[in-house]
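Colleague: This is the structure I have questions about; it appears just below.
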Amino acid sequence: MSDDSDAALARRAIDGDDAAAAALVRRYQRSVFGVCLRMLGRREDAEDVAQEAFLRLFKHLHRWDASRPLRPWLMTITVNRCRTALSRRARKQPLLPGDLDPTDTSVPLTDAALAEELQRAVDGLRDDHRAAFVLFHYEEMSLQEVGEALERPDGTIKTWLHRARKQLSETLSRRGIQPDQRRSDSPRSLTREPIRA
Amino acid sequence: MPNSPPEIEPLPESLRLTLPAWRADLDVPDLAPGVVRRLRSTPTVEPPPRNWAHVGWATLAAGLLIASSFVPNAFRQGVDQDAESAIVEAQPISAPSGTNLQPLDGSETTVVRVETPPEDTDENIREPRAFPADRLTLRENLLPKDLFSADRLAGAWAALPDPNRTWRDEVRDGVQPFRDGAQTVATLFAEALPPARRPY
């Protein structure tokens with residue numbers, strides 16, 4: 001029975017085993033690509049940066065301490081690559097309330113529309129706030145793991161999370177996204193309300 | 001893994017209802033083929049730490065190789081000098097101004113360069129260039145012969161402060177320390193300098 005632990009795959013990848021390298025990529029590509037997509041907001045950018053993150057991982061893999069988990073280190077590399085990509089490209093223009101179609105109100109939103117709305121709000125966050133929010137709420141890392149990945153103390157991460165949530169909530173409210181008060185039987189229902197001046 | 005530890009505040013309602021859809025909305029591409037291809041096409045894997053013994057042997061071998069390429073060349077340089085100069089003369093050469101290219105002894109391929117004396121125009125008539133030895137003689141003639149004579153040096157030495165006296169003695173006697181001697185030496189050097197060159 002072959003050893004498919006991270007350490008064993010890493011050793012084989014360092015020795016030039018393509019299958020082991022591919023297995024490592026497939027094990028973590030959902031996390032890496034997901035973080036890249038949530039951080040960058042563009043699918044094509046996320047694919048490029050995710051590949052760069054894995055290439056950087058393999059480049060420095062011989063320095064990895066196999067007694068420690070691989071995922072936090074990989075997340076650190078991924079977030080750093082995302083920050084570099086964000087600094088390279090011009091930031092996306094923040095969405096304006098005028099983008100909302102005023103006729104499309106009080107309509108229950110689909111999951112895809114909700115995801116798109118939240119992603120557009122996440123795009124407007126500051127880079128470090130966005131990284132903390134994505135790692136905690138998307139990657140479901142603990143506060144300590146997020147702190148290690150972003151090289152910040154837990155208190156700083158809690159502050160960043162608080163500010164990110166507050167800004168996201170305000171952005172969603174400005175976009176008219178709020179719980180549907182008329183449908184008390186469906187607690188997960190959200191609607192778009194007309195924007196008040 | 002718990003998503004919301006106790007120390008984390010509860011999520012706002014709109015955010016709490018939006019997060020599940022945001023987390024689930026992901027179509028992950030297969031990155032492995034692209035990563036492996038780029039991994040093998042570019043030398044991104046860092047080599048293991050260097051074995052310094054190998055580095056030393058490689059440096060020594062490179063040094064020997066370089067030395068072996070220089071020594072035979074230096075040895076052959078004297079032996080083949082005549083042959084190389086013959087080869088250089090036999091090669092076709094470009095024709096700079098003032099030269100004529102003529103066949104040598106009826107040969108069709110060998111060409112020698114024949115220096116053509118410059119025509120006697122006003123531009124080519126120049127004064128003969130003075131050699132450095134002549135200039136040295138000229139400079140010596142400009143210097144006064146008795147500049148560093150024994151009398152002048154003795155006078156300068158006499159003006160210098162007594163080496164057995166300290167600056168405390170000079171201060172006590174009301175004499176500026178070393179002032180007279182310094183002025184004498186400065187005068188000597190000023191006189192030793194050649195006169196200012198006249199503009200041409």
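Just so you know, the numbers here start at 1 and follow the chain as drawn.
Every residue, even glycine, has its Cβ placed from backbone N, Cα and C.
Residues or ranges marked as compositional bias 'Basic and acidic residues' by TrEMBL: A:180-197. The domain 'RNA polymerase sigma-70 region 2' annotation in TrEMBL covers A:24-91. Annotation source TrEMBL lists domain 'RNA polymerase sigma factor 70 region 4 type 2' at A:116-168. The region 'Disordered' feature in TrEMBL is assigned to A:171-197.
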Colleague: In the domain 'RNA polymerase sigma factor 70 region 4 type 2' (A:116-168), how many residues does DSSP assign to helix, to strand and to coil?
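Modeller: Grouping H, G, I as helix and E, B as strand yields 43 helix, 0 strand, 10 coil.
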Colleague: In the domain 'RNA polymerase sigma-70 region 2' (A:24-91), how many residues does DSSP call helix, how many strand, and how many coil?
Modeller: 56 helix, 0 strand, 12 coil
